[in-house]
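Straight from TrEMBL, the features:
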TRANSMEM  B:7-31  transmembrane segment
TRANSMEM  B:51-78  transmembrane segment
TRANSMEM  B:90-113  transmembrane segment
TRANSMEM  B:140-158  transmembrane segment
TRANSMEM  B:179-205  transmembrane segment
TRANSMEM  B:211-231  transmembrane segment
TRANSMEM  B:238-258  transmembrane segment
TRANSMEM  B:264-282  transmembrane segment
Amino acid sequence: MKTLTTTALALIAALGAAGPGLAEIRLGASLSATGPASFLGDPEAKTLEMMVEALNAAGGIDGEPVELVLYDDGGDPNKALTFATRLVEDDEVVAIIGGSTTGTTMSILSVAEDNEIPFVSLAGAVSIVDPVRPFVFKTPHTDRMACEKIFTDMAARGIEKIGMISGTDGFGASMQAQCKDVVGQFGIEIVADETYGPKDADVTPQLTKIRGTGGVQAVLNPGFGQGPAIVTRNYHQLGIDLPFYQSHGVASDAFIELAGADAAEGLRLPGTALLIAGQLAEDDPQRAVVQAYKAEFEAAYGMDVSTFGGYAHDAFALLVDAISRAGGDDPVAIRDALEATSGLVGTTGTYSFSADDHLGLDLSAFRLLEIRDGGWVPVD
Amino acid sequence: MDALMQFVFSGVTVGAVYALVALGFTIIYNASDVVNFAQGEFVMLGGMITVFAHLAGLPLPLAALGAILATAALGVALNRLAIEPARGAPVVSVIIITIGASILIRGAAQLIFDKQLHGLPAFSGDDPIRVMGATILPQSLWVIGGALAVFVGLWAFFTRTLTGKAVLATSNNRTAAQLVGINTGWVMTLAFGLSAAIGALAGVLVTPITLVSYDVGVGLALKGFAAAMLGGMGNPKGALAGGILLGLFEALTAGYVSSHYKEAVAFIVILGVLFAMPQGLFGRAGTERV
Amino acid sequence: MRPSAKWTQLLILFLLIALLPLFFPSGYYFRVGALIFVNGLAVIGIVILTGYAGQISLGHAGFAGIGAYASALAPGHLGLHPLLAVVLGALVSAAVAWLVGRPILRLKGYYLAVASLGFGILVAMVLGNERALTGGPDGMAVPDPGLRDLLKDLGLKLTGGEFWYWCCGLCLLIGAWAALNLQASPTGRALRALHGSEVAARTVGIDVARLKLQAFTISAVYASVAGSLLAMQNRFITPDVAGFMHSIEMVTMAVLGGVGSVIGAIFGAVILTLLPQVLTVFADYEQMVLGAVMILVMIFLPEGLIPSLARKLRGRGE
């Protein structure tokens, strides 16, 4: 707890003069802590609970304690909408964090917009912030950016023809579509395009087909959960020796363990600083934030940090910062402060919002990582 | 040719997983005409308990044995607490009860264990075996062997042993079975214990391939149920054939047609078979009692 | 059923819908109310299929999916008014039910269960896979029917939550009225005969296949309209609406409340819709409680909550 407490204190100190006294601040969250997207929602919920406790232990925001109202929508957009309504109408929260998936986010979004409550989403799709909606922000990179990061690396390696194997869940399908959309800009052609169900036990037929397609020079697997681990094992089993790329959906140490270090050796993916917390340079701006979060989370829950928990960390930090600067609990003032966020360092990257950018990250926040000897190594 | 071999290996591996789940459905159905939608949860428990016992320091075989016994005990408890008290209820009520049980077990598992994915080391290493240009993992052979062994065991049980015949008699006519001196209560206990144990065994065998988490049960139960129906509910031969066929349909569709619709093709085939043969491939024809 | 019983049930339903808002402390309760009504409407369809005709469907969410996506797609692609899109969805659902029902309803018990389940999964799969049209698993936006603006022009100002509460409440009343009428009609009596014994019904000259198909088609229309209402009030829809869990939820609501009774089934919708809202404090135990409730009700109140309780009360009165 100590490190985080210090971080929170430092954050509050850095925020400068405290605003006028606030009443207890209520933050709402609707996350997919159970259900098919619990892979995302579980670490997110744990992160929020941990951070609220630490923040309150350190005196809250300018002396006012924060109350977190957290609901588990189970990944069901219909439930998410009901909980969002409840957060706004019944719990009277000043801001909402959540929407672990794009589907739940799109449901919460209309409630937030109608009621003019700032909403920070933890889901990946571009459509959340494009077009920009006044009250909707998000912390993760878009899946489009992940595609761009991967294709940039492929192009640098001289790869021109690739095969894709994507999960049919929301994450995989959305990224598959975005990748197909931007791939042309990099002079790369997708010559094989296969999919698998999120619970499939074996994907060797799809991989065999990709291998049999003429001219394939590399393979990309957008997906999250158990799918990519099984794809990686099958890739190894079939002895395919083409360069292999995964998405940010599997950016956690647990993935290497599940896929097996042997099978995962040499694969690349766009990840965040969290995965290489220990290797960050002394002068890396994210070093302090990332190492503190990793240490706190792993001590509190005894499980590896994941990129997804990091999204919740950043959303919370952004809101705490904005509420403090807004100097009150008026949702519209918080929204304005949020949009004026500049240079806030999170685990995912450094955020600077503006009226026409509610994501606030660029490609530099993504780090291209390679798995070597069962660990992550930055390659750029 | 290499490709076809690979598709077949994949189909048989996945099919053996479905078959193991489908075989678990068979015994309970034979004893009580109940399709137990919590069967997938037994598979999940087999995997999860083994993983956690192994993490706690037990050697793998011991952990697996413990998982199978614990799950069998849970199966017996399920029968005593939820199925027996609702005897004679319509099919739809029994479906709701077993689905309720599956939700309950899943909810408990996410509290007792966790919501993470887990794997187990493969029993005989990870080096793929090469046959005619295609590859198969040694663990797949364990799963296929397990499915065959359970099938042979069940077939012998139902046709060669008195107890097995008692189970079939209980299913056919409970009152008549009691009249000829069969302890039907014990038959039900046995059926649920055995089904749960087979489910848990399936979980132990497939976890090194498919990984396990608290929520893998629903998907497995659906596929196993579909496979058992395809083959003909209640017949071990049907469960085995239905499982392997379902796996092969999926793999061959993914390989030759489109991976986007491989599950759709599998379900269309099942619907087609049921329309042509309403009792499945190996099911027994029955007449409605008035 | 005596005509008076029918009107008593409808009157109770009407009074509950009309008077409950007096006690609502916030707009959130209108949202929950609207959800209950939508679920109740879908569940009445299950009463007709399972309670009246004795047939099982584990794929009825497929029809809700058809209705929902008709509301999402028809206005943009066909230029239909959203209300006509609801009608289109219902017609498509009825047509699909008629076609699929013919072969499916020849099956019995678990075989019918797996066939209907396969149908539902196919619908969900198509909605998830046809990304260009449906937006894939991430879902798509649904246009607003504009009725609220119309009411505003007429001088009646309602919030979104209030509007959908009254709109879905009205639809539920109409749906319940139609189902109760059906129950009292000759068709309803024939359905009950069929439920009792198919063979016996056939021997007294009832066209069993046709009757089952009618019940299946009518129940599909209920699910479809419920799907449309859900899509329009959520303004966003994902393939989950057609998913297996949604099908199970519908059947569970009907069976818990009492699948033989319209009012009972609606009460089942009330319980299962409220349960996750009440249990948020014990979110970790929500699943376990839900599972336990399903088992306990089926064991101790096998006809469902309302009919079983009604029988007990009546028994005491005598």
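Going from the start of the chain as shown, residues are counted 1 onward.
Glycine too: its Cβ is placed from the backbone N, Cα and C atoms.
Spatially, the transmembrane segment (B:90-113) is adjacent to the transmembrane segment (B:211-231); three or more Cβ-Cβ distances between them are under 8 Å for residues at least 6 apart in sequence. Among residues of the same chain six or more beyond the transmembrane segment (B:264-282), those with a C-beta under 8 A of the stretch's C-beta atoms are 226, 228-233, 235, 237-238, 241-242, 246, 249-250, 253, 257. For the transmembrane segment (B:7-31), the residues of the chain that approach it from at least six positions outside its boundaries are 39-40, 42-43, 131, 134-137, 140, 143-144, 146-147, 150-151, 154, 158, 167-168, 170-171, 187-188, 190-192, 194-196, 198-199, 201-202, 205-206, 209-210, 220-221, 223-228, 231, 233-236, 239-240, 242-252, 254-256, judged by C-beta separation under 8 angstroms. With a cut-off of 8 Å between Cβ atoms, the residues of this chain six or more beyond the transmembrane segment (B:140-158) that come close are 9, 12-13, 16-17, 19-20, 23, 26-27, 30, 123-124, 129, 164-165, 167-168, 198, 201-202, 205-206, 209, 236-237, 239-240, 243. Same-chain neighbours of the transmembrane segment (B:51-78): 36, 38, 42, 45, 101, 105, 113, 118-121, 123, 189, 192-197, 199-201, 203-204, 207, 212, counting only residues six or more beyond its ends whose CB sits under 8 Å from a CB of the stretch.
If one looks beyond the transmembrane segment (B:211-231) by at least 6 residues along the same chain, the residues whose Cβ comes under 8 Å of a Cβ in the stretch are 15, 17-22, 24-26, 29, 35, 37-44, 47-48, 51, 102, 105-106, 109-110, 113-120, 203, 237-243, 245-246, 266-267, 269-270, 273-274, 280-283.
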